[in-house]
Structure formats: structure tokens, C-alpha cells
Amino acid sequence: MPLKDLPPDARPREKLLARGPGALSDVELLAVLLRTGIKGKGVLQMARELLELKKSGSDDNDGFDGIAGLLHATSDDLKRIKGLGPAKRAELVAVLELSRRALAQQLKERTIFATPDAVKHYLQLHLAAKPHEVFAVLFLDVQNRLLALEELFRGTLTQTSVYPREVVLRALHHQASSVVLAHNHPSGTVQPSRADEMLTQTLKTTLALIDVRVLDHVIVAPGEALSMAERGLL
């Protein structure tokens, strides 16, 4: 239904101003940001399509899963929504990036990674949306407080493309007591390969020589993360 056909107090913008953002659904909040639809497609329908958006190259049942998953949408993903021109795409990408940065800042300010879930959420924010495969390391102090997150390698990850010496040097630089290894799978699956397991064991053995523990190796994809420690693969 076009917004002009709704009662004034049911229109998203007016509803937000009168009752606050908590009174709006995810679709309505997106509609406020989009402002207008196009001929034949109202802004509420456009907002609904965004929330149901499938990631480029994904299977039919592998979508963004609502507003949380939409945080990982790229500009190319948004191009597939009819009527979403460059200006609106740029606004959305900027808002989504601000949201990711705000969430990442909140997580970093907590400083202590007390649970595997906290680590997975933090890494998802930083790695899940990347279009290429990256290998990153969380460097932690003796109280599991974050010292640094560094992306060390890019491309298909193997034992030969990830250099243990570089990981050791960065751990010494940060005076880390422990690390969490991480990489992303842009394909969407988080199942570890045999190469992932072998790489983990190589780094675990190498870092043990300088008394740095490998607490976990986390594999992330949009909307999903896997802890190899929780799977008993460490």
C-alpha cells in the first residue's frame, strides 16, 4: 500500500516522531531511510525486499536473514533491488558501515573476551562481509583483553600462504599471551577443510615455542561462525 493511502499516524516517519523508533518494525525503519519508492513499488515493499535480499551467488535458502544479516550486504548486493539507485545505495552502505563500526567499538570497549560467542560476534563484524578470503589474528593479553586485530594474509589460505614466522613476529610485537586465529569463507560455508586443520596445528606448534597459546580458530561467513575449539579440532 502506498504511504499516501495510510492514515498519517501509521506512516513510518510520522509514527517514529510520535512514538519513537522502538514502535517501528524493521521494514518501517528501512522505509524511513529510503524515503520513497518507485512507480509500481511502494517504499514499504522496497524495504521488505531489502530484508529478504539474497547474497550474490547464494542458494535460495541462504539469504541475509533480516536486519542483522543486512549488515553484511555489499553495494553489488543492493544493486539487485529494482529502484535502488546510486544515491540510495550509497546512503544505505554508509549507514550499514556506521552500524558495524558502532557495534565493533562497543565490543572492543568491553575489552575482555569472556566467551567463545563474544569472539565469534567480534570477528563476524570485521571479516564476514569481505569479498575475498583473509587470515586474521586476535592478539590477547593474559586476561583475554584485546591487544589488536590484524589481517595478515589474503587469498586462498594454505600452509604455504600463511607464514608462521610472521604470526610469531606480530605476537612478540604485541607481547601477546594468547591468540585467536580467524579466517573467512566468502562462499558462505563455515565447515573447516583439512587444510584449515593442518594450518591450525602448524601455528599452534610454532606459537607454543614462544609460550603463546592458540585459544581458537574461528571461521566466519555472513550470518554464521564456527569455533574449531568448540568442535574439538584444536
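In case you wondered, yes, glycine gets a Cβ from its N, Cα and C as well.
The annotation Zn(2+) binding site is assigned in Swiss-Prot to His183, His185, Asp196 on the grounds of sequence analysis. Remark: His185 (Zn(2+) binding site) has Glu133, Ile219, Val220, Ala221 as non-local neighbours, by Cβ distance under 8 Å and separation of at least 6 in sequence.
Swiss-Prot lists 112-234 with the feature domain 'MPN'.
Annotation comment: Swiss-Prot describes 183-196 as motif 'JAMM motif', evidence class sequence analysis.
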Q.
If you average per-residue pLDDT over the domain 'MPN' (112-234), what number do you get?
A. 88
